[in-house]
Amino acid sequence: MLEVNQLECRRGDRRLFTELDFSLSSGTLMHVRGRNGSGKTTLLRTLCGLFTPERGEIRWNGESIRELGEEYRRDLLYFGHTNGIKGELTGLENLSIAATLDGDRVEETAIWDALKRIGLAGFEDLPTRMLSQGQKKRVALARLILTRARLWILDEPFTALDVDAVALLQTLIADHVATGGIAALTTHQEVPLTSGQIEQLNLGN
Amino acid sequence: MLRVFWCILSRDLTLAMRRRTDVLTTLFFFVIVVSLFPLGVGTESKALQIIGPGVVWVAALLASMLALERLYAADYEDGTLEQMLLTAQPLSLLVLAKIAAHWLLTGLPLVLIAPLVGMQYQLADSAIGIMMLALLVGTPILSLIGSIGAALTLGLRGGGILLSLLILPLYIPVLVYGAGAVEVSQIDLADTQPYFALLGAFLLIALVFAPVASSAALRISLE
Amino acid sequence: MALNWFKFASPATFYPIAGRLIPVFWILTLLLLAIGLYWGFFETASQLGGSNPQKEYYRIIFIHVPSAWMSMWLYIVMVAWAAIGLIFNTRLSFMMANAVAPTGAIFTFLALWTGAFWGRPSWGTYWDWDPRLTSELVLFFMYIGYMALHSAIDDTRRADRASALLAIVGLIMVPVIFWSINCPDPNQCAALHQRSNLTRIDGNILFSMLTMTLAFWMYSFATTFMRLRGIILTREAENTWVQDLLNARGRT
């Protein structure tokens, strides 16, 4: 359960939002909406603990994420504007490093399966800089299949993806929420859920 | 713990091996700077022996500083650094692994090429040995302290120049004792011991504090 | 009754207080400067005794020594504010650290400059790699580094925090650096420079030196507060109290 209390964030000298309150229990999907510059990305980065809020507190299962530190990050998966994969490394290497850093022991076969499911069969051994934009993004999204994180924070995950990949990502998110996970995302794409509930958060006016 | 350390270390080494020119540039920079001094100062062997240790150390300082810019820059651009901040591992451990890889790629080559450079300056064999040893202890300190500066100047325009402004003053103790050890060894080999004791102490302190300070700096820079 | 210190930590409260204090500090600065300089130039002996009698030019110490002291003190002050800012996340502390830095750099420069002028007649050279002079030079580099890093970062929050961290790292390194400059050869560290001893100094000289130091402190307060008010206004420009202030100014 993720709780946000009286959150206030500033970028430079500009106040983005103030007195933000919400809580997400397991099996919830949150859509964050707002104009450009309304602070969507900043909010997501604050939820990750990357950005220090001016005021307010974020709690994960009742404890402040500042104090939880690495314990919180074990439960967290963040997907930002950059893919977070190395162009010189193959998809396989990228994913296995990511898994090691997440503290998961993932079998190589699991990574092969994940890459196959995301539609990159046959590209596993290519350095990812050889791949197209959409394919790179797919490599990064394959982490969603492998991860055991309970909380997914996804910033514009659908951009640069083709129809098939969008459908797959929608399924992944829906499955995650259906199995009791929490997801927060900024997107213009609707995600049809099989079970669980949807929250809407509008930033700015 | 060890598994994660090794994971990052091998990752950075693999990356460097797939992009070899970066490593070689630092090495050649070092050799060129050192080779230029005799052309400017004159090639008299007495003079060379006197300035040799200092020149080698200043060149090592500059070379390691130039290489520092790349310590975090590439990972910053493609977002992998951000992901590292979000992993379930202590950031200072990851930082330490990155620094270790960086030293293996840019510091260790300087140590290995030192005999060649020492010969250019007509240094005695014993002095060359001491120089290698001093570089071996000293260059990791440069990488460790430099990593703080690299983390602070991450993604800034003109970051390289700024980095040198911030970091070079902090390199002074290593320069003083590193060059001092080589100089003293030309007179009496036994006198070098306190120099190494001090360099070793610096290395230990830097090993403890630099990764912590670097990770704090990274968190600030990636906000 | 618990005094609410955080109330004073708010820029809105601090701004008017600083405004009222600035003239006081300027007056004190001028007064103390006048006393210190008068005493230093007219009431102290024209020669320093000892084995190496120094002539009139020794009077430069009335500026040199206090500014050297100030340069070090202000660095500590700067780091203290920076550390408070990092720990309590208060914006005013960062602004304070920021406002102190230029004054510190000026004093460091002054110490170096007057040192060079002293060096010329007494050592026969403007610059000598004397340990203290070199240490002062390094301190100057530290101030420059702090200010350079701060101005290179556009985002004020990152600039504040990054330069604060740099200042703290600098403070940890400073003793090591000074020590390595003072003692380049660890085999004979005992034979260091002479140590100064305040109690051995002539009472008149000490009086004018301390008065000058106090004058420099007052000057530091005055300039820091002036700079601070400028920083507050630019950074808090979107807040209502600043807008009110500007409107009030516009009307009169």
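Any Cβ shown, glycine's included, is placed from N, Cα and C.
Feature annotations, reproduced from TrEMBL:
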type	residues	note
DOMAIN	C:21-182	domain 'Cytochrome c assembly protein'
TRANSMEM	C:21-41	transmembrane segment
TRANSMEM	C:61-88	transmembrane segment
TRANSMEM	C:95-113	transmembrane segment
TRANSMEM	C:133-152	transmembrane segment
TRANSMEM	C:164-181	transmembrane segment
TRANSMEM	C:201-219	transmembrane segment
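Tertiary neighbourhood of the transmembrane segment (C:21-41): same-chain residues 59, 62, 204-205, 207-209, 211-212, 214-215, 218-219, 221-222, 225-226, 229, selected by CB-CB distance under 8 Å and a gap of 6+ residues from either end. Ranked by Cβ pairs under 8 Å to the transmembrane segment (C:95-113), the stretches C:61-88, C:164-181, C:201-219 are led by C:61-88. Outside the transmembrane segment (C:133-152), and at least 6 residues removed from its termini, the chain residues within Cβ reach (under 8 Å) are 68, 71-72, 75, 78, 98, 101-102, 104-105, 108-109, 111-112, 115, 119, 127, 159-160, 162-163, 166-167, 170, 174, 177-178, 181-182. Counting only same-chain residues 6+ beyond the ends of the transmembrane segment (C:164-181), those with a CB under 8 A from a CB of the stretch are 75-76, 78-79, 82-83, 85-86, 94, 97, 131, 134-135, 138-139, 142, 145-146, 149.
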